[in-house]
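Asks: Dropping a structure here in structure tokens format, bear with me for questions.
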Amino acid sequence: FVTFLLLLCGVFAALSESVVMRVCVRACVCVYIHRFLVCPQVSGELDDCHCDVESIDRFNNELLFPKLQALLQTDYFRFYKVNLNKPCPFWTSGSHCGLRDCTVKPCSPYSAEVNSELDKCEKSEALGAVDVSLSDETREALKNWTKHDDEAQRFCLLDDEWCPDSQYVDLLLNPERFTGYKGPEAWKIWTSIYEENCFKAFYTWLEGQCVEKRAFYRLISGLHASISIHLSARYLLSDEWFEKRWGPNVSEFRSRFDSELTQGEGPKRLRNLYFLFLIELRALVKALPVVKEGSFKLFTGQPQEDCRNKERLLDLLHTARSFPLHFNETSLFAGDETEAAKLKEDVRLAFMNISRIMDCVECFKCRLWGKLQTQGLGTALKILFSELPSSPPSSRLTLNRQELVALVNAIGRISTSIKELQNFRELLAEDT
């Protein structure tokens with residue numbers, strides 16, 4: 001049948017350049033793609049929510065993505081405080097990746113002794129290394145940021161933020177991309193996440209599980225898909241001594257998402273990516289009342305820029321609110337209050353466990369982005385769960401700098417993944 005259509009299109013192409021020919025060629029390409037699964041076909045309504053893939057694509061690519069990218073370039077959102085030296089709590093780790101020069105020697109932004117020796121601090125150029133270099137001016141500004149935040153009332157303490165081993169990292173100097181970290185070490189991380197934390201048997205019997213457990217698994221799967229897309233979109237295409245060239249790797253993308261090559265799992269993973277987008281988008285909207293408060297500041301010590309950044313953030317949140325097909329979080333943890341509270345606690349503990357697994361990732365750049373995105377998703381869940389009936393009646397939603405930076409960067413990663421999907425569709429169509 002496909003051969004017949006292709007021959008028919010060839011006949012039309014030979015006869016004219018008419019509209020009929022162009023339509024036929026396009027139809028043939030679509031059939032060819034669908035038949036041989038060159039590109040995962042993800043479309044239509046998503047499970048467990050009333051939203052379709054096409055609406056998300058249009059909204060993200062045309063409205064949300066440009067505003068997110070502009071916001072993530074600002075000082076407030078580009079610096080993330082993280083402890084990359086925590087030992088793995090679950091198994092013995094070599095505390096280094098197997099790649100050449102992967103280790104990082106941190107330069108503490110708070111040590112005068114280290115500051116005086118900055119020129120001697122080794123800056124590794126390995127693919128998995130994290131560039132922790134900051135200018136003296138930036139270091140001084142970050143000290144003021146910390147002082148300002150410490151004076152604010154806190155309801156949640158973050159280990160990485162308070163740990164003396166934590167340091168600020170410039171995310172723009174450390175983009176998420178392929179580092180060569182794969183194989184048994186990487187699979188051990190994901191296997192632990194899925195098998196130990198996704199409610200055991202529910203990984204196999206997903207269809208028979210309650211909506212909360214299905215949602216939890218789909219969030220983790222969506223996060224996995226997003227990371228895989230970034231690695232495929234910013235793949236190391238050439239590694240010459242004078243230049244490294246990064247770009248999209250169609251073969252890598254197909255190996256992760258092609259239905260035929262993944263035994264039908266690839267398209268499901270991509271649908272879970274869209275589900276994750278809806279969860280984090282809804283969290284942005286629910287954070288709007290907190291950000292709107294006059295006392296809520298995006299402090300960097302530059303009053304005019306801080307004001308503009310808050311305006312940009314509010315504009316982003318209002319744009320998020322304009323999306324007409326939001327996920328309805330009230331469908332989660334409904335029913336019997338006792339059972340709902342227990343289930344919510346199970347989800348919370350499972351997610352905390354996943355956050356701890358990120359300290360077992362041996363590639364430091366992968367660990368950086370893994371910790372940031374799991375914290376961002378954790379913040380999104382905190383926001384969504386804060387007003388559920390099973391939440392304490394006295395609880396009031398608060399967000400500190402670390403949580404806000406993680407949340408906005410996390411949805412920035414998901415938004416970028418959806419944008420990259422469009423690029424891969426075009427590349428795959430060209431290959432046909």
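In case you wondered, yes, glycine gets a Cβ from its N, Cα and C as well.
Note: TrEMBL annotation is automatic and uncurated.
For reference, TrEMBL lists these features for the protein:
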ACT_SITE  CYS363  active site, nucleophile
ACT_SITE  CYS366  active site
BINDING   ARG177, THR179, TRP190, SER221, HIS224, ARG256  FAD binding site
DISULFID  CYS97-CYS102  disulfide bond
DISULFID  CYS363-CYS366  disulfide bond
SIGNAL    1-16  signal peptide
Asks: Rounded to a whole number, how many Å is the Cα of TRP190 (FAD binding site) away from the Cα of CYS366 (active site)?
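Replies: About 13 Å separate the Cα atoms of these two residues.
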Asks: For FAD, with binders ARG177, THR179, TRP190, SER221, HIS224, ARG256, what's the maximum Cα separation in whole Å?
Replies: 21
Asks: Nearest to the residue listed as 'active site, nucleophile' by Cα, among ARG177, THR179, SER221, HIS224 (binding-site residues)?
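Replies: With Cα distances computed to the residue listed as 'active site, nucleophile', the winner among ARG177, THR179, SER221, HIS224 is THR179.
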Asks: Return only the integer: C-alpha distance in Å from THR179 (FAD binding site) to CYS366 (active site).
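Replies: Here the two Cα atoms lie 8 Å apart.
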Asks: Cα-Cα, whole number of Å: CYS366 (active site) versus HIS224 (FAD binding site)?
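Replies: Their Cα atoms are separated by 12 Å.
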Asks: Sort out for me which one of ARG177, HIS224, ARG256 has the most neighbouring CB atoms within 10 A, since those are the binding-site residues we care about.
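Replies: That would be ARG256, with the highest Cβ count within 10 Å.
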Asks: Counting only residues 6+ away in sequence within the same chain, which have a CB under 8 Å from the CB of SER221 (FAD binding site)?
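Replies: Same-chain residues close to SER221 (FAD binding site) (Cβ under 8 Å, separated by 6 or more) are LYS268, ARG269, ASN272.
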Asks: So which one is it: of the recorded positions TRP190, CYS366, which has the fewest other Cβ atoms within 10 Å?
Replies: TRP190
Asks: By a 10 A CB contact count over all chains shown, which of the recorded positions listed here is most packed: THR179, CYS363?
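Replies: Its Cβ has the most other Cβ atoms within 10 Å: CYS363.
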